[in-house]
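Record features (TrEMBL):
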type	residues	note
COMPBIAS	667-689	compositional bias 'Basic and acidic residues'
DOMAIN	407-513	domain 'TMC'
REGION	663-689	region 'Disordered'
TRANSMEM	138-159	transmembrane segment
TRANSMEM	209-228	transmembrane segment
TRANSMEM	299-324	transmembrane segment
TRANSMEM	336-354	transmembrane segment
TRANSMEM	374-397	transmembrane segment
TRANSMEM	468-494	transmembrane segment
TRANSMEM	514-537	transmembrane segment
TRANSMEM	585-606	transmembrane segment
Amino acid sequence: MLSDDHVNEIVIEKLIASLIPMTSRDRIKAIRNQPRTMEEKRNLSRGSLTIMTEEEGRAEVRLTWQKIVDKEKSKQSHHILQFNCCVQCLHSISQTYRRSKSSLSEILSSISLWQKTLKIIGGKFGTSILSYFNFLRWLLKFNIFSFILNFSFIVIPQFTMAEKNTLQFTGLEFFTGVGYFRDTVMYYGFYTNSTIQHGNSGASYNMQLAYIFTIGACLTTCFFSLLFSMARYFRNNFINPHIHSGGITKLIFCWDFTVTHEKAVKLKQKNLSTEIRENLSELLQEKVKLTFNQQLTRFSAYVVAWVVSTGVAITCCVAVYYLAEYNLEFLKTHKNPGAVLLLPFVVSCINLAVPRIYSMFRLVERYEMPRHEVYVLLIRNIFLKISIIGILCYYWLNTVALSGEECWETLIGQEIYRLLLMDFVFSLADSFLGEFLRRLIGMQLIKSLGVQEFDIARNVLELIYAQTLVWIGIFFCPLLPFIQMIMLFIMFYAKNVSLMMNFQPPSKAWRASQMMTFFIFLLFFPSFTGVLCTLAITIWRLKPSADCGPFRGLPFFIHSIYSWIDTLSTRPGYLWVVWIYQNLIGSVHFFFILTLIVLIITYLYWQITEGRKIMIRLLHEQIINEGKDKMFLIEKLIKLQDMEKKANSSSLVLERREVEQQGSLHLGEHDSSPDLRFRRSVQEDNPRA
């Protein structure tokens, strides 16, 4: 049992707690109205022994209570103030971060390339063709980053100890990549294997480690950027499409009133109308019901098209393989500088002609959805181009690398440079000549052909093919991202001019918000994964040249890392680096676990997508059912209103009849009264009657 004093203390504490939130005036009134004796109030005043009158005692007790309450309130307010300061500090930090992030995004968007041009393309040709130009700009950013990284950590250090080039520049090097360019920072063989050090006390710079770590950092950044971009586009276009797409509600009821310029307003209107047509195209798409014979005919056309396309691809790959095997002997027997262009010329001709043959299959297959047609063409073209690149990689790693040439890494870099340059020249020629001639034929000679439409699949695969060559060649030619950067910049303007002059908008409007996800997926697999496999074989399995390059004299390229790890293992301060390499980078189990985690995350994303699709379908059905319920209730309400109107009208008719009957009775009484008076007067005049 608690004592009375303890109970009294608890009561006082509760009383003080109840007085804290009051104002001073209310607090004084509450203390004055306390049902306690003066002795208890004096005891509450912390042992005050002053002899006072009753009024003075009451006043002092009120002041003492006021001080106690103010003291408790100040304690609590101090704690609350500290907590509020922490909360305000965190809030200000988060607000500053959001503002800086928003301002950075505004700056990046303001300096972003080709904003106005992309808006014009999207407004005139739709998002399907706009996705190609967005993909081109995205690849340009990739190559800018790779060039900055390579130039900063590989090229600039090599410039500090580069020797003067004694070869004569003729201009033919721009096409062949040989001659004067051989002894420049453009190729692998020019780089030194020594440690760069200026002065006795200056910091040393190991070119072997700088070379392999810079290339590794570049590829690692590209790997995670591709994964992040795929995840972001996948989330925006498949998992949460309603958040990022905007929908028709946003298109119709939202207008940017800051747009006041006449041209900008017209461009905005054109963009809105194009987006509305694309959003409505799939809703209005009707599935054509085919008979069994029609379905069988269409399926047979699909099978024949796939068999022919696969046969053509295999034939081209076999031709490239035998040409590559013959190419090395051909170059030894022909000393003409232009002989090195034979293999790139044949490969570029195949890459230009075969995709056009694939595009003609649409006349036979006749897909209902344009998206399906683009996907099929992408798969056929990626199979062709990646197969050709695979055969060339096999030729480089098994024939050129083992041929005993003086600097086989530089030879591979020159081959990749020629392939990239020849593909660029063919693309420009096709844009300015081939597409122009096709427009003239369709408008002047064979008018039934009409103006052509932009082939998204073929143009996208050209970009993926070129970027794959850049990633493979970045180890053998560190300045290849710079060359690709210039080519992409020129290609954007060339394709834009050709698009405006030689093409018409798609005959079937369709929404291509998911195309960017598919483009990046194709760039990641099989393009980037194939590049990683090729470079892994090069670094772990091939022997470097003995007389050129930063890895000369080593049994394998990877031995530069092994030697560095052995050096760090003797220094106690760097044992954590050795542990990371042995347990993470050099461990197969780590990459197995990492791959497993990526697959699990991908599976979870896929399941979330399927679940949300089911939820969207159920909600759609629920909305339809609720609409039917509302229509049913509205019909019932209308019927009740009709019945009520009929009942009211019948009651009005009855009341009207009653009123008319009563009115006729009154009229009869009025009509019979004169007859009665007449009879009485007659009887009075003639009593006999």
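Even glycines carry a Cβ here, placed using N, Cα and C.
For the domain 'TMC' (407-513), the model gives a mean pLDDT of 87.
Residue counts of the domain 'TMC' (407-513) by helix, strand and coil are 79 helix, 2 strand, 26 coil (DSSP-based). Contact count against the transmembrane segment (138-159) (Cβ pairs under 8 Å) is highest for 468-494, out of 209-228, 299-324, 468-494, 585-606. Away from its own ends, the transmembrane segment (299-324) comes close to residues 342-343, 346-347, 350, 354, 357-358, 361, 364-366, 380, 383-384, 387-388, 391-392, 394-395, 399 of its chain (Cβ-Cβ under 8 Å, at least six residues beyond either end).
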